[in-house]
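Undergrad: Feature list, courtesy of Swiss-Prot:
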- Lys126: active site, N6-AMP-lysine intermediate (ACT_SITE)
- Asp42, Ala43, Glu44, Tyr45, Asp46, Ser91, Leu92, Glu124, Arg147, Glu184, Lys302, Lys326: NAD(+) binding site (BINDING)
- Cys420, Cys423, Cys438, Cys444: Zn(2+) binding site (BINDING)
- 603-682: domain 'BRCT' (DOMAIN)
Amino acid sequence: MPLLSQMQDQSGTTFAQLEALRQKLREYEYYYHVLDNPLVPDAEYDRLMNELKNLEWQHPEWITADSPTQRVGAKPLDGFAQVTHEIPMLSLDNAFSDEELDGFLRRMESYITEDPHTLAFCCEPKLDGLAVSILYVDGVLSQAATRGDGTTGEDITSNIRTVRNIPLKLNMDNPPARLEVRGEVFMPQKGFETLNERALEKGEKTFANPRNAAAGSLRQLDPKITRQRPLVLNAYGIGVYESDDELPATHFERLQWLKSIGIPVNNEIRLATGREQLLAFYADIQAKRPTLGYDIDGTVLKVNDIGLQEQLGFISRSPRWAIAYKFPAQEEMTVLNDVEFQVGRTGAITPVAKLEPVFVAGVTVSNATLHNGDEIERLGIVIGDTVIIRRAGDVIPQIVGVVMERRPENAKKIEFPTACPVCESAVVRVEGEAVARCTGGLFCGAQRKEALKHFVSRKAMDIDGVGEKLIEQLMERELVHTPADLFKLEHTTLMRLERMGGKSAQNALNSIEKAKNTTLARFLFALGIRDVGEATAQNLANHFHNLDAIRAATFEQLQEVQDVGEVVANRIVRFWQEPHNVTVVEDLISQGIHWQDVVQVEIADNPLKGKSVVLTGTLTQLTRDQAKALLQSFGCKVSGSVSSKTDYLIAGEKAGSKLAKAQELGVKVLTEQEFIALTGEN
């Protein structure tokens, strides 16, 4: 009987060739999901995957448990089997202050001779997900379980097999007989937002936060559902290990070894020695928190030396050699006192929760957005409820849950207005949209005010001498009705306003005069066309080059512009069909607003064409906005963070962590002068 590796079918395809195809797909998955550096386009990966599926369909006897096709998922389960952890998955003690961190360091002095303040620690972000155990037997994923109570968890093997960045087979020649990888499964913020958006479109229940979404996804009885969820694993340690080869002697080196055999490990892990470096890591990660792209709730600090870890040992539920230094709480409970309804620039009616003030994530919160009527219904919230407030980074505080058992008897239902609270025009909700809108248009004072505030904002016309309070006064006295009226103001008129002296009035007029010289992209953005943001305005300017061409563009021509679909194209067409809008634009131009028409840049052979670029540091010859606009004219994607997908980093003066990360990843770094030279600008 021939060996399995020598078997072949009637077409001449051998098992060895099939296995080579699997190995190629595993390599592509590793580079795509772990290194974030795809080797081939998605279409090529899909073609090879289909080829493998067809071959395995013809030869079911050739299917192996570690085949990439086996991620698709098994049949739905009736329930989860229990798994006993050979080595308990203990939790960590927490520290919430520098003093508590000092206490952690002091406690170690009783168990080791070394000074804890001179020890090396492996420092990791504390990921906000679900702890899991993944067992590899002879290099093949064999079993996965949740942490559960630390002793017993649930068997989630079928679901873990669907997580794209978890290898089904280790990337090594002589794998351990048994290797238990421990890590955190979480959902990146972008994936979470997309998941909730799709749920809303389907009228399904949304998740309150990424952690709940990750946990709910892993505990699906149908693995095919889990497969559709954007889950990610980051390993943080090793449990069971059986092999003739010894593991590295430090925790940091063990994580690097895991990474080398295909197990994903977080990129922010660092070594630190002593109290000051530990605190510096904490501060650094806290500062990065809003831009990481995934939720963390603190740092995890572990003694790096494995021998010292063993000396320090454990207390009843946690190791003595590690601690979680947590950030200030991002969720707190408070009472919903009332709901007010605000009217935005486009007429959107937004319910705003008025809360009993509560301290959350370092600030006192008394207001929180409720988004729209659907969100109120989803939460099942009423006035008087005790609610859970969440504030993450710079995100506007939001209500994520209701404590039903605390609902008072006098709780009051929230009534969504049928008439605008400002102008009393009818409020309507367009089919397919979650937002209700005032139909008053610019008849509505709230919409006029917000439109003017948008027009003068920094990224629009950048009239820094005209702020929100001045706009309110100008509108109250009916001195300004449209943006064009700003350019008709006189010194004597401004002098009659409250807290407006001669110098302040002149500064405002100087800012207004300066704003007349702008760019086509800024002007388009300032007009406040619904869904035309900075990037879309820049794309329109780059595509059509002048305002007349944009005004004359048809629905079909507009859709030829990058990122302009049917909805946005329709809104642009409708904007120019409204006589009032045309009058305002012509009035603005008659007041002297001007710009240079966009010159089509020859980018056929330019190295910047279509690249992903990050700006960092202080630029001296261009403003940040000018540099961004210049890059976009070359079709560049301007990103805020460095990754392996970044093509160029443009580094100005005092470039910091982004420069270091770019150098670490081998990203091409340009000085400001080199960047300008590439663009051909003088």
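Even glycines carry a Cβ here, placed using N, Cα and C.
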Undergrad: Given the model, what does the mean pLDDT over the domain 'BRCT' (603-682) come out as?
TA: 83
Undergrad: To the nearest Å, how far is the Cα of Cys444 (Zn(2+) binding site) from the Cα of Lys126 (active site, N6-AMP-lysine intermediate)?
TA: 48
Undergrad: Using DSSP, would you call Leu92 (NAD(+) binding site) helix, strand or coil?
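TA: SS state of Leu92 (NAD(+) binding site) = coil.
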Undergrad: Please list, in sequence order, every residue of the chain apart from Cys420, Cys423, Cys438, Cys444 whose Cβ lies within 8 Å of the Cβ centroid of the Zn(2+) site.
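TA: Surrounding the site, in chain order, are Val343, Gly347, Pro421, Val422, Glu424, Ser425, Val427, Thr439, Gly440, Phe443, Gly445, Ala446, Gln447.
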Undergrad: Closest to Cys423 (Zn(2+) binding site): which of the recorded positions Leu92, Lys126, Arg147, Lys302, going by Cα position?
TA: Lys126
Undergrad: Give the distance between the Cα atoms of Lys126 (active site, N6-AMP-lysine intermediate) and Lys302 (NAD(+) binding site), rounded to the nearest whole Å.
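TA: Rounded to a whole number, the Cα-Cα distance is 12 Å.
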Undergrad: Would you kindly give the Cα-Cα distance separating Arg147 (NAD(+) binding site) and Cys420 (Zn(2+) binding site), rounded to the nearest Å?
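TA: Rounded to a whole number, the Cα-Cα distance is 51 Å.
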Undergrad: Where Lys302 (NAD(+) binding site) and Cys438 (Zn(2+) binding site) are concerned, what is their Cα separation in Å, rounded?
TA: 55
Undergrad: Where does Cys438 (Zn(2+) binding site) sit by DSSP, helix, strand or coil?
TA: strand
Undergrad: Taking every protein chain in this structure into account, which of the binding-site residues Leu92, Cys420, Cys423 has the most other Cβ atoms within 10 Å of its Cβ?
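TA: Answer by Cβ density within 10 Å: Cys420.
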Undergrad: To the nearest Å, how far is the Cα of Leu92 (NAD(+) binding site) from the Cα of Cys438 (Zn(2+) binding site)?
TA: 51
Undergrad: Give me the DSSP three-state residue breakdown of the domain 'BRCT' (603-682), ordered helix, strand, coil.
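TA: DSSP classes over the domain 'BRCT' (603-682) add up to 27 helix, 18 strand, 35 coil.
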Undergrad: Specify the secondary structure state of Arg147 (NAD(+) binding site) as given by DSSP, simplified to three classes.
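TA: Going by the DSSP assignment, Arg147 (NAD(+) binding site) belongs to neither helix nor strand, so it counts as coil.
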Undergrad: Look up Cys420 (Zn(2+) binding site) in the DSSP assignment and reduce it to helix, strand or coil.
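TA: In the DSSP reduction, Cys420 (Zn(2+) binding site) maps to coil.
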